[in-house]
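Enquirer: Sharing a structure below in structure tokens format, with a few things to ask.
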Amino acid sequence: MKVATSALLIGAAAAQQQQILKFPDSFSELKESSWTKPLQNLEESLKSLTGEARATWDEIAMMFPESFEKAAFFSEPKPHTRKQDSEWDHIIKGADIQSVWVENEKGEKEREIDGKLEQYSLRAKKVDPSVLGVDKVKQYSGYLDDEEEDKHLFYWFFESRNDPKNDPVVLWLNGGPGCSSLTGLFMELGPASITKDQKIKHNPYSWNSNASVIFLDQPVNVGYSYSSGSVSNTVAAGKDIYALLTLFFKQFPEYSHQSFHISGESYAGHYIPVFASEILSHKNRNINLQSVLIGNGLTDGLTQYEYYRPMACGEGGWPAVLDESQCKAMDNAYPRCASLIENCYNSESVWSCVPASIYCNNAMIGPYQRTGQNVYDVRKPCGSNSLCYDELDWIQGYLNKKEVMKAVGAEVSNYESCNFDINRNFLLQGDWMKPFHRVVPGILEKIPVLIYAGDADYICNWLGNKAWTEALEWPGAKAYNQAKMEDFKIDGDGKTVGQVKSSGNFTFMRLHAGGHMVPYDQPEASLEMLNRWLGGGFWKA
């Protein structure tokens, strides 16, 4: 059964042929509610639309009329019931942090911690490990609250199974945009998975084996998170992440001195560069950011989209999915795709970036998707679930149990693994195709960056990820490009599980027989990668 045309691709790149926009007849009826803010932004953009941009928009609309007709401009807020403050074990307010001033080396007064935090607060509760049985370690869950914008981000923290007083802390982000990081928790790298009958199954390769891990549902209205408004671009989400981490480490200072790392997959290839840059921009911070890890990410569309045809046509190490005529059609379509992406890169305008996303996803992802083959794993068909994995239904069922929601303090009325409307809102803002790779050189000046990719993924394939790291302009580019791919082996048994190249602060890793979600397909290899990376095994040389 082929992927549903309305499918949102897990963790990141959604094939957008169904999520295209048309002009509304009237904005006036829709602008009463704050959650229609993307519409207001669109109306403002209309005022500055050039004739050339409008012509491009209309051209793409004519090519894919059905897609435009199925457009959705907004998402409704999630039903929720906020708990009394007395039901939480800890509450910390950003205003209290902002009120602390210190004297710097020059004798000048400055805030102890930078950033605009007054509007934020953090609620936390201890999760009794014996109630759910997900893991035996210390756990906290709760919400970051933005009281001004009425945004509430849910998180779930698991302490390291090994040495939590000294082990690193890792933030994990799924992509979408619009997919819950709790799917990563229970399907990929968390302490347990969910079985078909919604039972807990211990994961011996959990990433909290040697690190404490925070799973965050973001942006708002994803998973257990909620809001009466909306976040529809990556940069806006970055401010929330900085606030969350600042308040979390202030409330739990026992974790603030260890090294901190941001990790994620797919659309996190957009998120992580921006989030890391936001954190590093603050001189006075309590976030000890030491590295970032991006798995099968979408970061540089101009480079990565060129490699859809090779991956689909047997040049990525796996048999071809498409026939010769389909491959030729993709070859013919790419120059137009590249031209549209270049226009997006040059202007970063919604009117350039949205058509680029629409055309390129239809031309470069659509032919593969229509075969019914799994876009996350070229080795297998998609199956009956519209997102190709039955586990997502099992996880959704488990996280909708009343006893589970009560145990973690969830305030929404229902949990969904992925919110399709969030995906469309990000597309509406032109976020999909923007050049977030341009942020990476500034990050490389300060901390190491790992780009890893399972080599059986199609949607954010290893060919494209390797290519964009080699196309990136940064001071260490020459040495990085001259570095050779070497075998990556499991310590102890010497089994080769991938290849890696590294120079300076930049590392790329190809993991054999892993799909879009490497920890799901290759749990042992993914944990080996994480442990080696956190230990500095790739960049110290």
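Including glycine, each Cβ sits where the backbone N, Cα and C put it.
These numbers come from a predicted model, not from an experiment.
Annotated active site per Swiss-Prot: SER266, ASP457, HIS516, in sequence order, evidence recorded as sequence analysis. Residues annotated as disulfide bond in Swiss-Prot, with similarity to another entry given as evidence: CYS179-CYS418, CYS313-CYS327, CYS337-CYS360, CYS344-CYS353, CYS382-CYS388. The N-linked glycosylation site annotation in Swiss-Prot covers ASN210, ASN505 and is backed by sequence analysis. Residues or ranges marked as signal peptide in Swiss-Prot: 1-17.
Neighbours and distances for these, please.
Expert: Cβ-based neighbour count (10 Å, all protein chains) for SER266 (active site) stands at 30.
All protein chains included, ASP457 (active site) registers 32 other Cβ atoms within 10 Å of its own Cβ.
If you draw a 10 Å sphere around the CB of HIS516 (active site), it holds 29 other CB atoms from the protein chains shown.
With a 10 A radius on its CB, CYS179 (disulfide bond) counts 33 other CB atoms from all the protein chains.
Using a 10 Å radius centred on the Cβ of CYS327 (disulfide bond) and all shown protein chains, the other Cβ atoms total 19. Secondary structure at CYS327 (disulfide bond), as computed by DSSP, is helix.
If you take the C-beta of CYS360 (disulfide bond) and look for same-chain residues 6 or more apart in sequence within under 8 angstroms, you find GLY301, TYR305, CYS337, LEU340, ILE341, MET433.
Long-range Cβ proximity for CYS344 (disulfide bond), meaning a same-chain Cβ under 8 A and a gap of 6 or more residues, is found for GLY301, SER352, CYS353, ALA356, GLY430, MET433, LYS434, PRO435.
The 10 Å shell around the Cβ of CYS382 (disulfide bond) contains 22 further Cβ atoms across the protein chains shown.
In this view, ASN210 (N-linked glycosylation site) is surrounded by 18 other Cβ atoms within 10 Å of its Cβ, with every protein chain counted.
DSSP classifies ASN505 (N-linked glycosylation site) as coil under the three-state reduction.
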Enquirer: If you run the three-state DSSP split on CYS418 (disulfide bond), which class comes out?
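Expert: Strand, per DSSP.
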Enquirer: Once the DSSP letters are reduced so that anything not helix or strand counts as coil, what is CYS179 (disulfide bond)?
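Expert: DSSP call for CYS179 (disulfide bond): strand.
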Enquirer: Rounded to an integer, what is the Cα-Cα distance in Å between ASN505 (N-linked glycosylation site) and ASP457 (active site)?
Expert: 25
Enquirer: Just give me the nearest neighbour of CYS313 (disulfide bond) among the active-site residues SER266, ASP457, HIS516, Cα to Cα.
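Expert: Looking at Cα distances from CYS313 (disulfide bond), the smallest one goes to ASP457.
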Enquirer: According to DSSP, does SER266 (active site) fall in a helix, a strand, or coil?
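Expert: Reduced to three states, the DSSP call for SER266 (active site) is coil.
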